[in-house]
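Per Swiss-Prot, the features are as follows:
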REGION    1-251  region 'Nitrate reductase alpha subunit'
DOMAIN    53-117  domain '4Fe-4S Mo/W bis-MGD-type'
BINDING   H60, C64, C68, C103  [4Fe-4S] cluster binding site
BINDING   D233  Mo-bis(molybdopterin guanine dinucleotide) binding site
REGION    258-415  region 'Nitrate reductase delta subunit'
REGION    416-652  region 'Nitrate reductase gamma subunit'
TRANSMEM  416-436  transmembrane segment
TRANSMEM  466-486  transmembrane segment
BINDING   H469, H620  heme b 1 binding site
BINDING   H479, H602  heme b 2 binding site
TRANSMEM  504-524  transmembrane segment
TRANSMEM  545-565  transmembrane segment
TRANSMEM  595-615  transmembrane segment
Amino acid sequence: MTVTPRTGSRIEELLARSGRFFIPGEISADLRTVTRRGGRDGDVFYRDRWSHDKVVRSTHGVNCTGSCSWKIYVKDDIITWETQETDYPSVGPDRPEYEPRGCPRGAAFSWYTYSPTRVRHPYARGVLVEMYREAKARLGDPVAAWADIQADPRRRRRYQRARGKGGLVRVSWAEATEMIAAAHVHTISTYGPDRVAGFSPIPAMSMVSHAAGSRFVELIGGVMTSFYDWYADLPVASPQVFGDQTDVPESGDWWDVVWQCASVLLTYPNSRQLGTAEELLAHIDGPAADLLGRTVSELRRADPLTAATRYVDTFDLRGRATLYLTYWTAGDTRNRGREMLAFAQTYRSTDVAPPRGETPDFLPVVLEFAATVDPEAGRRLLSGYRVPIAALCNALTEAALPYAHTVAAVCRTGDMMGELFWTVVPYVTMTIVAVGSWWRYRYDKFGWTTRSSQLYESRLLRIASPMFHFGILVVIVGHGIGLVIPQSWTQAAGLSEGAYHVQAVVLGSIAGITTLAGVTLLIYRRRTRGPVFMATTVNDKVMYLVLVAAIVAGLGATALGSGVVGEAYNYRETVSVWFRSVWVLQPRGDLMAEAPLYYQIHVLIGLALFALWPFTRLVHAFSAPIGYLFRPYIIYRSREELVLTRPRRRGW
């Protein structure tokens with residue numbers, strides 16, 4: 001072994017070597033390392049505590065539904081510890097994700113499993129067991145033995161008073177079930193089956209156990225009570241304060257219940273329709289539930305024959321309020337078959353056969369699919385036809401039909417109205433810009449460029465105008481790159497997403513601040529210079545306010561979306577895709593509806609600015625002398641300077 005000598009002084013070497021008297025271990029020849037053996041005994045406990053041979057997926061069943069997935073760490077077939085599993089499939093960007101799964105009870109399940117107090121045998125009150133065995137030996141019949149005990153008030157009071165005082169003894173499973181059966185038979189034969197009441201010990205119990213017990217009570221004619229009918233503790237506050245009905249569903253389940261209820265109400269009226277809808281409505285509340293409840297109330301008041309004929313007149317005999325979604329977009333053309341095929345393929349992709357009795361685009365069928373089979377795929381189908389669904393709602397509302405409330409409830413699920421807004425408003429803005437610009441040029445050509453204020457004041461203008469115009473040009477170019485060029489293109493060019501956003505934030509912030517400073521000076525000039533202020537129209541004043549708001553909102557979106565303040569957000573995956581989809585006439589309003597609020601505010605202000613554009617002095621942008629850059633050369637002949645008796649006056 002080659003030893004590297006130390007380069008320190010003699011005193012330093014002596015001090016280093018003297019350390020062997022104080023530090024246990026072997027010092028290397030170069031005095032640079034110390035090797036110790038042992039001293040890690042304290043780590044053994046932790047290594048053994050968290051060691052395991054394998055990891056299995058399981059759940060726990062201590063007063064629980066067993067719906068939470070746990071990772072169970074096992075060593076030598078013994079549970080050592082457990083952690084929550086987090087690989088639940090996503091429900092998609094349009095729906096609330098599952099609430100966190102796993103509670104402290106589950107985290108301590110191994111304690112329950114190996115607890116010395118774990119119940120491993122059937123137990124019964126010792127006093128009652130003695131009386132039952134004596135009566136059965138004397139009478140020879142289990143039911144007669146139980147009846148004999150109940151007929152004697154003294155013996156009955158004796159075992160009842162023993163409750164809560166211990167005195168439990170082990171009994172066999174056969175004897176325990178025999179005593180339970182004898183008690184049920186005696187109670188039913190003496191008082192009737194309705195004197196037998198069943199309930200769950202806690203709402204969060206095994207669904208198999210609850211189903212078996214409730215089915216047994218129903219088969220013998222007993223009464224199945226709800227958990228809140230007897231459990232007078234904290235959970236009762238939930239239904240009293242929030243209006244929840246017994247067990248509370250997750251937020252995502254509310255949409256499923258609304259879709260299921262709407263599917264029931266939009267089908268042909270039958271005797272079970274309203275009862276099923278009311279049963280579903282018992283589990284949800286809120287505006288959507290109120291709308292569905294209004295439909296149920298109006299149909300409940302109507303005569304069955306009247307409701308049936310009104311349904312036929314509304315949906316079967318009139319195309320203006322049809323429930324077949326593709327008819328709204330394709331009409332009676334061959335394209336409708338192609339669109340219906342998309343519905344059928346969606347159903348088959350989830351291993352569900354398309355309906356045979358109805359076409360796959362029938363709205364109740366789509367709602368049923370979204371509620372019970374694949375919420376994400378159903379959500380996409382409903383979002384793709386949000387405009388026809390909104391038109392159907394308007395048609396039913398104009399006709400004052402009760403089904404309008406149901407369709408309105410469907411529109412409220414998720415952000416369908418928001419999707420419709422971001423689908424329609426861009427085209428409304430484009431129409432205003434096109435028609436308004438034509439009108440302005442046709443009827444106000446003189447005012448197109450004559451409202452310039454350059455003649456009134458030029459000192460501030462020479463400073464503010466370049467700042468604003470050069471800044472806004474950089475902002476426009478940046479918006480064009482971010483909105484028009486797909487993210488995949490910049491990545492293919494070797495520009496990573498992180499590098500792109502850094503450049504966008506830096507350059508965009510500088511350009512935005514420059515633009516804001518320039519427009520601030522322009523507004524100050526217009527307000528403080530009398531002639532300039534007099535030449536400013538009301539529309540221009542509103543335009544300046546909207547313009548400043550758009551710039552401020554853009555700077556805010558840049559800061560918030562970049563992660564400088566708050567969590568970073570990649571707008572190129574939603575806002576940019578929405579922008580491009582608008583121009584190819586395939587608007588994805590759902591993407592814009594998913595964007596954060598600060599992006600929505602910025603885009604909304606921008607659309608308002610474009611809507612004001614034709615009616616303000618911003619139209620001078622259309623008169624920019626672009627042709628001046630490509631003008632032909634002008635040939636002229638120089639002339640000798642004239643000798644005058646007095647200096648020439650400047651022309652400006």
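Each residue, glycine too, has its Cβ placed from N, Cα and C.
Keep in mind that this is a model prediction, so the values were computed, not measured.
Taking the features listed in Swiss-Prot, we show where each one sits on the structure.
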residue	record	contacts (Cβ under 8 Å, 6+ apart)
C68	[4Fe-4S] cluster binding site	T59, H60, Q84, R101, G102, C103, G106
H469	heme b 1 binding site	G518
H479	heme b 2 binding site	none
H602	heme b 2 binding site	A550, A553, G554, G556, A557
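The region 'Nitrate reductase alpha subunit' (1-251) scores a mean pLDDT of 79 in the predicted structure. A simple way to gauge crowding: the CB of H60 ([4Fe-4S] cluster binding site) has 21 other CB atoms within 10 angstroms, across all the protein chains here.
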